[in-house]
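For reference, the structure is listed below as structure tokens.
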Amino acid sequence: MSCAGAAAAPCLWRLRPGARRSLSAYGRRIIVRFRSSGMTLDNINRAVVDRIIRVDHAGEYGANRIYAGQMAVLGRTSVGPVIQKMWDQEKDHLKKFSELMVTFRVRPTVLMPFWNVLGFALGAGTALLGKEGAMACTVAVEESIAHHYNNQIRKLMEEDPEKYEELLQVIKKFRDEELEHHDTGLEHDAELAPAYAVLKSVIQAGCKVAIYLSERL
């Protein structure tokens, strides 16, 4: 949910060659280390990292469902390729956070089925207002997510910017892409949507609730 260049992302999260793995007498314990930052399952603030990865995974999943809904309505129109391009970037975001959930053993939010339905409904519903409605939705959502990512960046900087360097790089990259989507929405007449200010406020209020719940549940 859903904020350039996705080509650089895969290299950021490769495990360091020869990453340490230890076996205890009571079972297998794997120590995962990032290539340069020294982040491991043992030395991170698990509560902070779990919350960040869980909510960001949920947000990117929701963004994918929103764009799926928009494409179902507007995919064959002139704005279809624009929406598809943004959706493709959101797919890359979701893929990365899905990988991080496995790496750091983070469970997904229990609300995934709700975001599946509500995300698609929001995308399709605003698209039924025309391309302006779809773009207004994009502006509202991407602005909320960029703000959310900035909060996460500040939190990780307070924790340990060196330790979390590579996580920070990924979040910053995705934030910048979300801001590109925001600007794309404005360039494609988002502000001409019916009751734009009201629509934007309602969607952003929903985003705040979704973020709050997905961090905790």
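Placed from the backbone N, Cα and C atoms, the Cβ positions cover glycine too.
If you check TrEMBL, you get these features:
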- GLU60, GLU90, HIS93, GLU178: Fe cation 1 binding site (BINDING)
- GLU90, GLU142, GLU178, HIS181: Fe cation 2 binding site (BINDING)
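Straight-line distance linking the Cα atoms of GLU90 (Fe cation 1 binding site) and HIS181 (Fe cation 2 binding site), rounded to a whole number, equals 10 Å. Looking only at the binding-site residues GLU60, HIS93, GLU178, the one with its C-alpha closest to GLU142 (Fe cation 2 binding site) is GLU178.
Neighbours of GLU90 (Fe cation 1 binding site), defined as other CB atoms within 10 A of its CB across all chains, total 27. When other Cβ atoms within 10 Å of the Cβ of HIS93 (Fe cation 1 binding site) are tallied across all protein chains shown, the result is 27.
Counting neighbouring Cβ atoms within 10 Å of each of the binding-site residues (GLU60, GLU178), the lowest count belongs to GLU60.
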